[in-house]
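Record features, source TrEMBL:
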BINDING   CYS74, CYS77, CYS80, CYS130  [4Fe-4S] cluster 1 binding site
BINDING   CYS84, CYS120, CYS123, CYS126  [4Fe-4S] cluster 2 binding site
DOMAIN    65-94  domain '4Fe-4S ferredoxin-type'
DOMAIN    111-140  domain '4Fe-4S ferredoxin-type'
Amino acid sequence: MQPLTSRAKAVDRKPMTMWEKMYLPAIAKGMSITFGHMFKKKPTVNYPEKQRPFSPVFRGLHVLNRDEQGRERCTACGLCAVACPAEAITMEAAERLPGEENLYREEKYAAKYEINMLRCIFCGLCEEACPKDAIYLSETFAPSNYTRKGFIYGKDELLIPDPVTQPEEYAKAKGQRH
Ligand code: SF4
Ligand code: SF4
């Protein structure tokens, strides 16, 4: 029959030789390849026990930052939301009340702050746009979730732990880069 392409190969159907019928040489050849791999450096990583280091420029999950006294830095100016090309950030501003100076650094703060991680492309433009050093992208990533709603991160997930009352958690969340 005429082949459809020029890549067709005729199958070699000549009978096996005595040497080939023994199979032992082929088994020995296969085993030598297997043993050869046992002494090579493994390209795989035993995740999650061992984690591959991220690139120094890796941009991960967002963190809403606090100042050294534990006050929220965000002043709900909206610049990050305007800069976001994915329209992933929404917020609601509120006025700071007398007596809340220890909670919020500025007179205005974000009563609600949400990032839709399904929209986010982790470009880092929100971090660059922020004049208050209030948001940055950390060295961790958004964990998987079963529902779409679970990817809408609110202040409870984004806000960094208080450096005064939870210094260890704060240092861990802050990471090495910031
Ligand atoms: S990293 Fe980029 S896409 Fe994600 S919230 Fe910030 S500006 Fe928007
Ligand atoms: S995170 Fe920064 S840019 Fe965004 S609203 Fe808060 S202060 Fe403004």
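Note: Cβ is positioned from N, Cα and C throughout, glycine not excepted.
Bear in mind that TrEMBL entries carry predicted annotations, made automatically and left uncurated.
These numbers come from a predicted model, not from an experiment.
Shown here: features listed in TrEMBL, placed on the structure.
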{"residue": "CYS74", "record": "[4Fe-4S] cluster 1 binding site", "Cβ contacts under 8 Å, 6 or more apart": "LEU64, ASN65, TYR109, ALA110, TYR113, LYS132, ALA134, ILE135"}
{"residue": "CYS77", "record": "[4Fe-4S] cluster 1 binding site", "Cβ contacts under 8 Å, 6 or more apart": "LYS108, PRO131, LYS132"}
{"residue": "CYS80", "record": "[4Fe-4S] cluster 1 binding site", "Cβ contacts under 8 Å, 6 or more apart": "ILE89, LEU125, CYS126, GLU127, ALA129, CYS130, ILE135"}
{"residue": "CYS84", "record": "[4Fe-4S] cluster 2 binding site", "Cβ contacts under 8 Å, 6 or more apart": "CYS120, LEU125, CYS126"}
{"residue": "CYS123", "record": "[4Fe-4S] cluster 2 binding site", "Cβ contacts under 8 Å, 6 or more apart": "ARG59, PRO85, ALA86"}
Additional residues surrounding [4Fe-4S] cluster 2, by Cβ distance to the CYS84, CYS120, CYS123, CYS126 centre under 8 Å: CYS80, ALA83, PRO85, ALA86, ALA88, ILE89, ILE115, ILE121, PHE122, GLY124, LEU125
Distance-selected binding-site residues near ligand 2 (C-beta under 6 Å), from CYS74, CYS77, CYS80, CYS84, CYS130: CYS74, CYS77, CYS80, CYS130
Sequence-ordered binding-site residues from CYS74, CYS77, CYS130 with Cβ under 6 Å of an atom of ligand 1: none
Env. residues of [4Fe-4S] cluster 1 site, Cβ within 8 Å of mean position of CYS74, CYS77, CYS80, CYS130 Cβ: THR75, ALA76, GLY78, LEU79, ALA110, CYS126, ALA129, PRO131, LYS132, ALA134, ILE135
Residue among the binding-site residues CYS120, CYS126, CYS130 whose Cβ has the most other Cβ atoms within 10 Å: CYS126
Confidence summary (mean pLDDT) of the domain '4Fe-4S ferredoxin-type' (65-94): 96
